[in-house]
Structure formats: structure tokens, C-alpha cells
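From TrEMBL, here are the annotated features:
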type     : residues               : note
ACT_SITE : Glu80                  : active site, proton donor/acceptor
ACT_SITE : Cys112                 : active site, acyl-thioester intermediate
BINDING  : Tyr144, Lys243, Asn276 : (3S)-3-hydroxy-3-methylglutaryl-CoA binding site
ACT_SITE : His234                 : active site, proton donor/acceptor
Amino acid sequence: MVPVGIDKISFFAPHLYTDMTELARARNEEPGKYLVGIGQTEQAVVPPTQDVVTMAANAADQMLTAADRQAIDTIIFATESGIDNSKSGAVYLQRLLGLNEWTRTIEMKQACYAGTYGLMQARDYVALHPGSKVLVVASDIARYGLHTPGEVTQGAGAVAMLVTENPRIVTLERDNQFKSADIMDFWRPVYATEALVDGHFSADVYRDFFKTLWERYKAVTGRTIHDFKGFAFHLPYTKQGLKALRDILPEASETQQAALLAEFEASRVYNKRIGNLYTGSVYLSLLSLLSNSTTLQAGDRLGIFSYGSGAEGEFYSAIVQPDFKQGLVSGQLETLFAKRQQLSIPAYEQLFNEQLSGAEDRVLDISQDPAKFVLAGLQRQQRQYVAH
Ligand code: HMG
């Protein structure tokens, strides 16, 4: 079967952020708890002029050529922060990105897991339809509320991936192990704008799913930790992935343990400064690993662990390709970090309460938002998306 996988990957987060040392002080916590105990240093903040659709469009637009825009015949939009209970975010993307009208568009939801399902659907579709290209986007806003334990784990952003045959970045292996269980660790009823969460329970379930799937993966495939160069974890906060990795590290030699920990550090460079982005988190971690590892080579096997509360987990592997650096948007995150503006805690709190809600017509000030695609307001209950 022809190899299929991620040919291009691109990321977007809004131009605003808060500093976790300042947030810790404002919440009467030791900064060490947020910086080390949770493992977050900064957090993306969403202005009213961005939502999951604009973030997804801003991510995808940076990587697509004119030829890609013609060739894409399926758009899969993964989110748990959707803006409509009926219409999919993918339809907006088709117009904003100038994609071919002969395109399938669909939105998917299962907490932070849906991006992985979208990616696997794309892989299997391209395998059956050689020459097709599928755009998979994972776009979310992680909101727990001011002064909650989850506040330090908020964040936002979108990851866009182009799935093709003979991909430049990684091939997606067919070794997926997955598991679901009806668990109330984190959920958001349709009337709520902030997530409800049983925080410590959710962290325990995450680790339990990882360990169970890792054991099953080894039993089914016959592979061991020695077959892996590195791992990318869903990172609701980066300490969570570190705990999962530490759970299996004793299976490796001392030398490999040090190497895997070094790769893990590479895999969390970006997530530490963005926060949780739900569906996109594990793929931001993969992007971070690909961009920041100094030792990755063609043929290396990476383990990918996707977890979505409620709950579903999936573990699979991906193989690094010779030209993987060419599929990345060069210096993308470094430019984003260099240009974004820090908000004081009072300014962040004010913006937190200014998300677009209600049905009244309004015009938003888009002049302060440097992103290409912005939300300009609401007219007749229709979101007004513009490119500027
Ligand atoms: P908390 O209860 O305030 O924190 O909230 P804590 O008291 O457990 O402390 C956290 C860590 O900091 C501990 O380390 C402390 O020891 C350490 P640990 O025992 O975990 O290794 N600590 C310090 N370290 C250094 N210096 C210090 C210091 N003080 C303490 N001075 C909690 C933590 C995660 C519960 C909270 O942030 C929360 O509820 N977050 C949201 C839920 C979440 O992210 N869950 C993760 C698993 S579920 C998941 O991944 C799915 C999800 O993405 C949603 C989806 O699927 O859609 C969330």
C-alpha cells in the first residue's frame, strides 16, 4: 500500500498571551507550582476577533499552495469549541481558504481526541484514493474560568495538517490501538461556555489509558520501547505528558531514558508557551518535537498518544521522513512568539469576559488584530469573517 501521512503541518495562535509567573502571583500560588508542577510558562489569550474558524483558517493558510487548494477534496474540522450546533466549521474554511467547491466538509467532536480520528480518516481515504489531499484542522479554545484550578491549563490555537500519499513529514502507521469508556472526567454541557472538570480524576484516567494502550500496543505489535525514538503526548499541561512518559521509562536503558527525556523536552517547547489547545495539543507537541529535536532522523519511529476526556485514547506510531523539515513552515512559532503581546492579568481577565455571545448585531474592532482572518462582528446572527 502506498505510504500516506502528514505532508505539511502549520500552527496558529492569537497574538496575545499571559505570563504564568504573573498569573501565579495574582492567584496567590507559588510560581513553581505553575512553572514546574504544571509545566506551563505562558498561555495564549483569545481576543473577541478570533474563534475556532479564524484560527483554523490562519493556520491552514500559511502552508497551502495554489495547487494544494485545488487538490484538497475533503476538509475535516476537529473541535470541541464549535460556533454552531448545525453548520460545520469546515464549510467556512472552504470559502475563506479559497478551496475547490468539489469538496467534502465535516466537523468532528470527541473532546481532545477528534483531531486524531480526523487524521486516521484522512489517512484511510487517501490510501483508497491516491492523488487526493485532505486538510485536517484541529482548532480549540480551552476555557475553565477565572480563579479555577484549571485556569493555569487554559490556552488556544489551531493545527492544520495536509494528508497526502508519499508525505514529506511522517507516514502514519497502521498500528493504532484505541479504547473508549463512559467516564465523567471533563465535559461541557451545551449551555456552558466553560468546561466542567474533575481535575485529579481526569489526570489519573489519562495515565491509566496511556498505560493500558501501551501494554496492548506492545502485545499486538511485538514492539518495545527500544523501537521508539520519541513520543508526542496530548499535553493538557506539559507535566501530564512527563508523568505518562515516566510511567514507561523504567522499560528503557539508562542511556535511552536520557534520550527519551531529551526528546520530550523538545516536544513540549511550544506547548509550554501556548497552553492546552484541546484537539490540536498532541499535534502541536509533534510539531514541537519535529522542530526542536536535534537528533531526529529519517526512519525514526515516534509514538503518538492522543487522549480525549469522556473518554477515548489512541496510541499509534509515525515514521519520520527524509525531508520532514521541508514540510514545516520555517520559523513559524519563533516568529509568533517574537511578535505577540503580553497582557497584564487584569487585561486578560477583561478579555476573558468579552467573548462573542448573544444574538445582537455588533461590530468588532479588528484594527488591533494582526491575523489575516478575523471575526468582524455579528449581523443577523451570522458571524462576519473577513480577511484583512
Ligand atoms: P491543582 O489541584 O491546583 O494542582 O490543579 P496540584 O495541587 O495537584 O499541584 C499540581 C502539581 O504542582 C503537583 O505535582 C504539585 O506537587 C506541584 P504532581 O503531584 O502532579 O506531580 N507543585 C509544585 N511544584 C513545584 N513547585 C511548587 C509546587 N507546588 C505544587 N511550589 C489540575 C491541577 C491538573 C487538577 C488542574 O489544573 C485542572 O483541573 N486542570 C484541568 C484538567 C486537566 O488538564 N486534566 C488533564 C487530564 S484530562 C485531559 O487531558 C483532557 C482535556 O484536555 C480535555 C479534553 O479532552 O477535551 C483536559
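Backbone N, Cα and C atoms are what each Cβ position is placed from, and that goes for glycine too.
TrEMBL annotations: computationally assigned, not manually curated.
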Looking only at Cβ atoms, how many others are within 10 Å of the one on Glu80 (active site, proton donor/acceptor)?
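That number is 26.
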Sequence order is fine: just name those recorded positions in Cys112, Tyr144, Lys243 with a Cα within 10 angstroms of Glu80 (active site, proton donor/acceptor).
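Neighbours among recorded positions, in sequence order: Cys112.
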Tell me whether Asn276 ((3S)-3-hydroxy-3-methylglutaryl-CoA binding site) sits in a helix, a strand or coil according to DSSP.
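DSSP assigns Asn276 ((3S)-3-hydroxy-3-methylglutaryl-CoA binding site) to coil.
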As a test of the contact definition, list every same-chain residue at least 6 positions from His234 (active site, proton donor/acceptor) whose Cβ is closer than 8 Å to its Cβ.
Cys112, Tyr206, Gln240, Gly241, Ser281, Val282, Ser285, Phe305, Ser306, Tyr307, Gly308
Relative to the Cβ position of Tyr144 ((3S)-3-hydroxy-3-methylglutaryl-CoA binding site), how many further Cβ atoms are located within 10 Å?
19
Can you tell me how many other Cβ atoms are located within 10 Å of the Cβ belonging to Asn276 ((3S)-3-hydroxy-3-methylglutaryl-CoA binding site)?
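Step by step: centre on the Cβ of Asn276 ((3S)-3-hydroxy-3-methylglutaryl-CoA binding site), count other Cβ atoms within 10 Å, giving 31.
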Just to verify: the residue among Cys112, Lys243 with the fewest other Cβ atoms within 10 Å, which of the recorded positions is it?
Lys243
According to DSSP, folded down to helix, strand and coil, what is His234 (active site, proton donor/acceptor)?
coil
According to DSSP, folded down to helix, strand and coil, what is Lys243 ((3S)-3-hydroxy-3-methylglutaryl-CoA binding site)?
helix
